[in-house]
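The structure appears below as structure tokens.
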Ligand SMILES: Nc1ncnc2c1ncn2[C@@H]1O[C@H](COP(=O)(O)OP(=O)(O)OP(=O)(O)O)[C@@H](O)[C@H]1O
Ligand SMILES: O=c1[nH]c(=O)c2[nH+]cn([C@@H]3O[C@H](COP(=O)(O)O)[C@@H](O)[C@H]3O)c2[nH]1
Ligand SMILES: NC(=O)CC[C@H](N)C(=O)O
Ligand SMILES: [Mg+2]
């Protein structure tokens with residue numbers, strides 16, 4: 001079945017991914033491509049509409065990123081947002097000027113004319129809140145366009161060419177701070193581009209199963225199963241597709257939380273009849289990590305050890321041609337970086353980067369088009385119980401990256417205990433599902449305390465809890481102080497070796513969710 005698609009051309013905006021999410025929420029499949037690949041992607045995808053994202057550049061800069069002009073001749077509707085609007089206006093003969101009217105944050109747009117983009121949502125003559133972030137602005141629309149909305153610092157805030165179906169907004173309609181933005185995007189996707197909105201997790205599932213069968217044939221597949229959401233969903237999807245050609249491999253690397261290995265295996269075996277190999281590799285990992293303190297070194301050592309084990313297990317099965325992974329869309333989007341150069345590596349995720357060159361197995365990645373919340377929806381569609389679907393993410397390198405500095409068996413044991421109490425308290429307070437991810441970190445610092453009139457000199461535990469939708473950005477969770485005080489007291493009283501607890505109030509950016 002062919003679904004309608006929307007192509008999103010990226011010019012490096014911080015919020016390009018939100019455009020894709022909003023479009024998908026309308027039941028329309030969308031993909032993001034860097035502007036350099038727009039023509040190619042258009043030809044391959046045949047989208048029913050194109051959205052040009054915002055971006056940090058100015059159209060007057062030398063070498064400013066511009067969409068290929070062929071897009072304007074393709075006969076499909078185009079929506080330009082912020083820089084995307086400016087680029088379209090500039091290329092089609094309008095005027096864009098920089099100047100002294102920079103506008104960041106909340107603004108008001110007054111609607112001055114009708115058009116399909118605002119149809120049924122905004123009334124002519126009324127004012128509506130929007131979110132702006134720009135220095136340049138369109139000062140003369142190209143021929144064929146009319147001005148539909150105006151704001152104090154962007155007199156031309158919405159433009160429309162209703163013959164060619166080209167629209168542009170100076171404000172960002174993909175962000176929450178433009179309250180009607182999602183509805184305007186729906187108008188573009190449904191009314192202007194005429195998309196059906198039939199891309200649902202049910203159809204995704206059926207098509208993914210077909211594709212998996214075609215890719216794998218009668219080959220054997222190994223799927224690394226972590227107990228996390230992504231690999232559980234990938235495994236169940238694969239099982240529906242290829243049945244007993246699939247074997248799952250759960251690696252206990254000694255960096256799991258307390259009771260996790262048992263829990264994951266019981267949970268999985270209890271619900272599914274999928275062959276599951278449990279590898280105890282605790283000594284192998286801990287030996288490889290002995291004395292290692294650099295976060296990137298830790299990640300690389302762990303990534304390599306995982307592959308070694310998967311390859312070993314494949315051999316034992318008499319050879320498996322495929323390795324299945326729960327790679328998600330944010331891992332594969334190539335965003336245009338603001339500086340024009342390749343973007344820097346913040347962290348090497350253990351399952352991405354470096355993997356393909358070394359692998360003898362081919363990768364099977366059925367979730368690579370999905371965002372995290374979509375994976376959860378797919379999991380529900382596959383009938384996965386809530387204990388899988390609702391779990392907080394847990395990183396593959398596990399407690400190794402929650403134990404800054406050298407990792408020892410003693411430190412891991414302290415961390416496991418503190419983490420267990422913290423999560424238990426979160427569940428007891430009914431907060432688990434409000435929080436996107438929560439965990440404890442054991443700091444490589446000892447501080448002085450007093451307990452039972454005696455002096456202590458023990459470790460510090462940091463607690464972390466964040467809200468997020470996809471882990472790309474996050475905010476710290478605003479616990480009430482009573483909760484924190486209670487959790488801290490329990491940890492200090494019950495965990496030997498800890499005499500101080502702190503709470504991390506850093507958002508992402510500038511922080512990251514994990515500490516390493
Ligand atoms: N202990 C493990 N044993 C086997 N495979 C693992 C293990 N930990 C991670 N993996 C593999 O690495 C992949 C990436 O891990 P990641 O943590 O991103 O996903 P997940 O664990 O499936 O889901 P979640 O993000 O919800 O934790 C997993 O999909 C899984 O294939
Ligand atoms: O499977 C994984 N392998 C990794 O190497 C890895 N590093 C971070 N994470 C998880 O990714 C999300 C974002 O984390 P950061 O803000 O720390 O980058 C958070 O949910 C992290 O737990 C990982 N998951
Ligand atoms: N957010 C944007 O797309 C900004 C566009 C352009 N860089 C400006 O400052 O006007
Ligand atoms: Mg995980």
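The backbone N, Cα and C atoms fix where each Cβ goes, and this holds for glycine too.
Remember, TrEMBL labels are computer predictions, not curated facts.
Sequence-distant contacts (6 or more apart, same chain, Cβ under 8 Å) of residue 82 (active site, nucleophile) comprise 13, 53, 54, 55, 133, 134, 169, 170, 171, 172. The active site, nucleophile annotation in TrEMBL covers 82.
Annotated active site per TrEMBL: 172 (among others), in sequence order. Taking the Cβ of residue 172 (active site) as centre and 10 Å as the limit, one finds 23 other Cβ atoms among all the protein chains shown.
Residues within less than 8 Å, Cβ to Cβ, of residue 174 (active site) and separated from it by at least 6 positions along the same chain comprise 15, 18, 19, 21, 22, 81, 181, 185. Residue 174 (active site) carries neither a helix nor a strand DSSP state and counts as coil. Annotated active site per TrEMBL: 174 (among others), in sequence order.
On the 0 to 100 pLDDT scale, the domain 'GMPS ATP-PPase' (199-391) averages 88 in the predicted structure. According to TrEMBL, the domain 'GMPS ATP-PPase' annotation covers 199-391.
Sequence annotations record features per position, and here TrEMBL assigns ATP binding site to 226, 227, 228, 229, 230, 231, 232. Long-range Cβ neighbours of residue 232 (ATP binding site) (same chain, at least 6 residues apart, Cβ-Cβ under 8 Å): 225, 268, 379, 384, 388. According to DSSP, residue 232 (ATP binding site) sits within a helical segment.
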Recorded positions whose CB lies under 6 angstroms from ligand 4, from 174, 226, 228, 229, 232: 226, 228
Where the C-beta lies under 6 angstroms from ligand 1, the matching recorded positions among 172, 226, 230: 226, 230
Remaining residues near the recorded ATP site, that is with C-beta within 8 Å of the centroid of the site residues 226, 227, 228, 229, 230, 231, 232: 225, 233, 234, 326, 388, 391, 394
Of 82, 172, 174, 227, 229, 232, recorded positions neighbouring ligand 3, Cβ under 6 A: 82
